Amino acid sequence: MAKLTVKDVELKGKKVLVRVDFNVPVKDGVITNDNRITAALPTIKYILEQGGRAILFSHLGRVKEEADKEGKSLAPVAADLAAKLGQDVKFIPGVTRGAELEAAVNALEDGQVLLVENTRFEDVDGKKESKNDPELGKYWASLGDGIFVNDAFGTAHRAHASNVGISANVEKAVAGFLLENEIAYIQEAVENPERPFVAILGGSKVSDKIGVIENLLEKADKVLIGGGMTYTFFKAQGIEIGNSLVEEDKLDVAKALLEKSNGKLILPVDSKEANAFADYTEVKYTEGEAIDPGFLGLDIGPKSIAKFDEALTGAKTVVWNGPMGVFENPDFQAGTIGVMDAIVKQPGVKSIIGGGDSAAAAINLGYADKFSWISTGGGASMELLEGKELPGLAALTEK
């Protein structure tokens, strides 16, 4: 990565601005998944160990109007972070700017940390955070001593005041360890993979993944397709899909992708189908690709798992984005488990999960430690897989 990293700058005695991704699920004031907080710890600890004074910025959820602030404060995150670091985390509820914040920042000593309230509280008045208001970026930059560390891969595909805005107003904008790792794993896998390179794409919509499929058809040796988007590809070939999910307006796109894939695009050959999505009374496997009338496909079937297992044999690089079925329901998680088993058993494989639902599947089903890398960013990893430049990364200082 040709950008400066946190190890390239002198931190001692400096007020260091850090964009982290603490956009974690909070229910009734309790954090239900702290993975993103844990992922940011190496960078935060490094800054504190080097004698820096860390000023952290993050958003939490979407905030469009005053009422949306309810339950969106970073207060539970400040408490959780303090417990993880074993030290006090300064935090002023509801405050994203002003004299009180400035006084707290200026009172910081070496090795101390302050968390600014949810950056999207600034969106209530004209979307200042989300639209990268130049004055806001300049103001937040003024709180520090010219160093900005971006460690929020999850928002690197957005040009917001708290990443791109601050970057434009500091002497040095550098990558944190998490951002550095994310780029190293995902970009390296796509641009310079050890072969065979197999990509696996699931999820419900073809429309979300068109750019990714097109880019990976050029880069990968094989692209396996599962999940709900299977049925748009099936219908495009005239295969019966019953009541399965389909994007009628993407049938031509699916057909075109199949035609230009030169056999690289590998589809399921059977499905696990049910007579309803939720309150079903009958679940069975299809004989072949076709879904029975009145049924909908909710997972790939055993023949497909075997086919994908064979396609993955000998793979040296695997990138996976999107589950094979409705994995949250035990009745429809066999496909996702089967594909994970097929990936992790390959000797010497570099296996990368591109965030979102696939990351949740790996973590919830006990496979997290079996993969080389699990991305913390859904949208950002998708854009990297698509070959796009990420604004948050582009804004960092060149080496």
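Every residue, even glycine, has its Cβ placed from backbone N, Cα and C.
The annotation substrate binding site is assigned in Swiss-Prot to D21, F22, N23, R36, H59, L60, G61, R62, R120, R158. The secondary structure of R120 (substrate binding site), as reduced to three states from DSSP, is helical.
Counting every protein chain shown, 20 other Cβ atoms lie within 10 Å of the Cβ of D357 (ATP binding site). Residues or ranges marked as ATP binding site in Swiss-Prot (evidence: sequence analysis): K209, G297, E328, G355, G356, D357, S358.
Sequence-distant contacts of H59 (substrate binding site), defined by Cβ-Cβ distance under 8 angstroms and a gap of at least six in the same chain, are N23, N118, T119, R120, E129, T155, H160, S162. The record assigns D21, F22, N23, R36, H59, L60, G61, R62, R120, R158 to the substrate site; their largest pairwise CA distance measures 18 Å. Geometry remark: G356 (ATP binding site) versus D21 (substrate binding site), CA distance 14 Å. Within the same chain, residues at least 6 positions away in sequence whose Cβ sits under 8 Å from that of D21 (substrate binding site) are R36, A39, A40, S58, D151, A152, F153, G154, T155, T376, G377.
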